[in-house]
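K.L.:
Straight from TrEMBL, here's the annotation block:
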type	residues	note
BINDING	Cys211, Cys218, Cys221, Cys227	[4Fe-4S] cluster binding site
DOMAIN	62-209	domain 'HhH-GPD'
Amino acid sequence: MENAKVKLSASAARKRPARVAGTLYTKQEIHEIFRRFCVQRPEPKGELEHVNAFTLLVAVVLSAQATDAGVNKATRGLFAVADTPEKMLALGEEKVGDYIRTIGLWRNKAKNVIALSEALIRDHGSIVPGDRDALVKLPGVGRKTANVVLNMAFGQPTMAVDTHILRIGNRIGLAPGKTPDQVEKTLLRVVPQEYLLHAHHWLILHGRYVCKARKPECDKCVIADLCKAAVKTSDIPAPLVPLAA
Ligand code: SF4
C-alpha cells in the first residue's frame, strides 16, 4: 500500500508541468501572466513625452535617475524649441541646462544632449540609428536607453530593464538576477514571443502602479493567483527575493 502511494506520488510529480529554467513558473503560467497583462493594457505606452525618435532619445537620456513626470515637465519647453539635433546644438549647453535644471544630474545631462546631437549630425545624417551598437556609442546612451529607443521608435522586441523590472523579476521569481543584464537575458528567453514587444512596458507599468517597491498592492493585482512572491501583502518591505528553485 505504502509502495503504491509512493509510486502514485512519483508519477503525479512526473506529470506536473516543469518550471522554466531560471524561473519559479511553468511555461503555461508565464504565458498566462502576459496574457493577462495584455488584456489589461492591450496597447501599453511609455510615459515619456516626445514628438519623434530624436526627442524620445533625449527624453530617455534625461530620465536616468529621474521620474518620467519630472522629465516631461522639463522637456515640454525644451522640445517646443528644439526637436531636431540641429536645433538642439544651436540652443547650446547652457540654454539646454536652463530647461532641464529641475532634473537630477542636469549639468552632465545637458552636456550629453549636446554631444549626442553633434554625433547624430556628424555620424548619422541627423537620424537616430536603429541598431544597438550605434546607439550605445552616443554620449549618455547605455544599453537600457538603447533598448527603450529600439522598442518604442523602431518596434523591436527589446527588454529595457529598469528599477521596476529588476525588482519584479526578483520579487516574483520570474527572472531572478543581480544585474539588469541577467534579468534582461532571462526575460528575453522566457517571455512568449507574441508578448515580447510590449512586455517591458507591461512590467514597468505593473511595477509603477501595482507591484510597487515599498507597498505592492496585491489586492489589486491581476496576476495575484499566479504570483510566487515569497510574501504577498499590501505592506511588505522591498525588495523581496524569493528563493530560486
Ligand atoms: S501579487 Fe503582489 S507581489 Fe505578486 S505581482 Fe502582484 S502586486 Fe506584486
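Just so it is clear, glycine is given a Cβ too, placed from its N, Cα and C backbone atoms.
Curation does not apply to TrEMBL; its annotations are automatic.
The model shown is predicted, which means the values in this text are computed figures rather than measured ones.
Please situate the listed features within the shown structure.
P.N.:
Classification of Cys218 ([4Fe-4S] cluster binding site) by DSSP places it within a helix.
The residues of the domain 'HhH-GPD' (62-209), classed with DSSP into helix (H, G, I), strand (E, B) and coil, number 103 helix, 0 strand, 45 coil.
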K.L.:
Other residues near the [4Fe-4S] cluster site, CB within 8 A of the CB centroid of Cys211, Cys218, Cys221, Cys227?
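P.N.:
Leaving out the recorded residues gives Ile172, Val210, Pro216, Glu217, Ile223, Ala224, Ala229, Lys232.
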K.L.:
Given the binding-site residues Cys211, Cys218, Cys227, and counting only Cβ atoms in the protein chains shown, which has the most within 10 Å of its Cβ?
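P.N.:
The largest 10 Å Cβ neighbour count belongs to Cys211.
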K.L.:
Report the mean pLDDT of the predicted model across the domain 'HhH-GPD' (62-209), rounded to a whole number.
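P.N.:
Residues in the domain 'HhH-GPD' (62-209) carry a mean pLDDT of 97 in this prediction.
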K.L.:
Hey, what's the Cβ neighbour count for Cys221 ([4Fe-4S] cluster binding site) at 10 Å?
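P.N.:
So the number of other Cβ atoms within 10 Å of Cys221 ([4Fe-4S] cluster binding site) is 18.
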